[in-house]
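Q: Input: one structure, supplied below.
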Amino acid sequence: MANNVGQDDFQTKLQNWLPKIVLSPSIAAMVVFVYGFIAFTVYMSFSDSKMLPSYDWIGLANYTKLWKLSHWWVSITNLAVFALLYIGICTFLGLSLAILLDQKIRGEGMLRPIYLYPMALSFIVTGTAWKWILDPGIGLENTMHQWGWESFHFDWIKDRNMAIYTVVIAAVWQTSGFVMAMFLAGLRGVDNEILKAAQIDGASNWRLYRRIVIPMLRPAFLSAFVILAHLSVKSYDLIIALTGGGPGRATEVPATFMYSYTFTRNSMGIGAASAVIMLMTIAAIITPYLYAELKEKK
Amino acid sequence: MSNVTQDTAVRTSTVTRIFIYGLLILFAAYYLMPLFVMIVNSLKPLSEITSGNMMALPEVWTLEPWRQAWSKAQIGIEPTGLKPYFLNSILIVVPAVFISTIVGAMNGYVLTKWRFRGDTLVFGALLFSCFIPFQIVLIPMAVVLGKMGIAGSIPGLVLVHVVYGIGFTTLYYRNYYAVFPTELVRAAQIDGAGFFRIFWRIMLPISGPITVVSVIWQFTNIWNDFLFGASFAGQQQPMTVALNNLVQSSTGVKEYNVHFAGAILAALPTLLVYIVAGRYFVRGLMAGSVKG
């Protein structure tokens, strides 16, 4: 009898612990592979690691060195230019397309997937396609010449000063449809009664959107910003496929900088320092957002 | 949301409408143009590309570039074509998607129906891991994979993708299960059903749609991954890395038609998924950004 009670006890205890046992591998993986690894990389950024990890502490030396490198300055300037244009154009284009699509368009069901499919492609495929489209020899410039526009000139991808803008072109092509979908979902949530009331008051379409609809899309703006900002900091594949960081170093960004310093230039300490700066940039954007989202849900 | 109709109350004149349709079609052309260029040029002999017009249809239609890209093209040092790399991608994607989805479902179940103190914190920490720039884990991951003896192998990449995919799958299932009435779970518990039984009998049968979303999201992400593949694959490179090697190779004539065929081959699986299950694909994208 006593034995039986003991067994029951064990069973209930097991039932109580089971959820935590099931969750624990994920927590362990997260603690090791995410937060442990972040700590490790942070430590590396304070060490004199070159080709292999080393554990000798050298304080902030890697960071001071990093900020003196012109290569790093090129990378972050490019990132700033890229992020600003990428976020700006994607938001503008996405919002415009969403508003246009929201006007009882016949064939919306066909247009929407066309705008959105690039998101299913990898950045490597996107980069490969645009690399040849933008190539003056066989791409757009050549096509325009063939069609009789002899003076047409478009060789940004080979031009040090303009190459970063080609990255923007390809990236906007890939993501803007997705931003459109986010805004469209927001627009579909806007209450039509409010719009009707404003129209009766004599507001023009333009005013209607500017004063009423767009302010109501604030959550969509916020989500779009967070997604686009974190994608731009992480952008790596597209640049590798499209320009390879070139011509020269003209399109290097922190992600490519980190990779080359860590794995090909034998300066792991500096590479780690650049990764830490990337993480801090993203954390500054994501943490407040996640905090607000999770608090709201409770 | 359900009683909101598709139409808006905004009225527009005929001229404006013509203008709107014009713009929308123009943009459709812009989004379709690269795909058109890829397909058309993958069906041309090389001479037609170098001396002809990128936008023109082939004069001589040929499947040779596809054959080249699939089984003959020089990738790295071996003239194997993309075939073995396509296989690598499948061998990486299938187990990684399978494992991360199951783990995500269990996590979501625990985080919504067996709540405990600090569960939101755990979830937040998991969610944050979805957004980290993976550069921050490259160095220690290389060390750890080496120590585990699975560096440069497919199991190594599966592990990497599972670990960094759990955040997303957990997010999907958590938000999906959160709206499922907890009373039903409690009632089943009182009837004597245990933890796993409730999961099998009650949660799993309703999980169809979100499982599709999760599988599609993971499939697309892992298939399209380049950074991890380039860093940890060794000789077992996935499709994206192989395609990049093919396109960037500096030796010999640039065979644009083969590159385009290769790019389509690399894009085909995710594109097919998008065509077949686009609705779920969009839902996954949205759930990853806007609150679920």
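Including glycine, each Cβ sits where the backbone N, Cα and C put it.
So TrEMBL lists the following for this protein:
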type	residues	note
DOMAIN	B:86-277	domain 'ABC transmembrane type-1'
TRANSMEM	B:18-40	transmembrane segment
TRANSMEM	B:85-109	transmembrane segment
TRANSMEM	B:121-144	transmembrane segment
TRANSMEM	B:150-173	transmembrane segment
TRANSMEM	B:194-217	transmembrane segment
TRANSMEM	B:260-282	transmembrane segment
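Let's see these features in context: how buried, what's close, how far.
A: Outside the transmembrane segment (B:121-144), and at least 6 residues removed from its termini, the chain residues within Cβ reach (under 8 Å) are 107, 111, 151, 160, 164, 166-168, 170-171, 174, 227-228, 231-232, 288.
A Cβ distance under 8 Å defines the sequence-distant neighbours of the transmembrane segment (B:194-217), meaning residues of its chain 6+ beyond its ends; these are 97, 101, 104-106, 109, 113-114, 168-169, 172-173, 176-177, 180, 184-185, 188, 273, 277, 280-281, 283-285, 287-288.
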Q: State the residues, same chain only, that lie 6 or more residues beyond the ends of the transmembrane segment (B:150-173) and have a CB under 8 A from a CB inside it; answer 'none' if no residue qualifies.
A: 88, 91-93, 95-97, 99-101, 103-105, 107-109, 111, 123, 126-130, 134, 137, 141-142, 207, 210, 213-214, 217-218, 221-222, 225, 228-229, 232-236, 238, 284, 287-288, 292
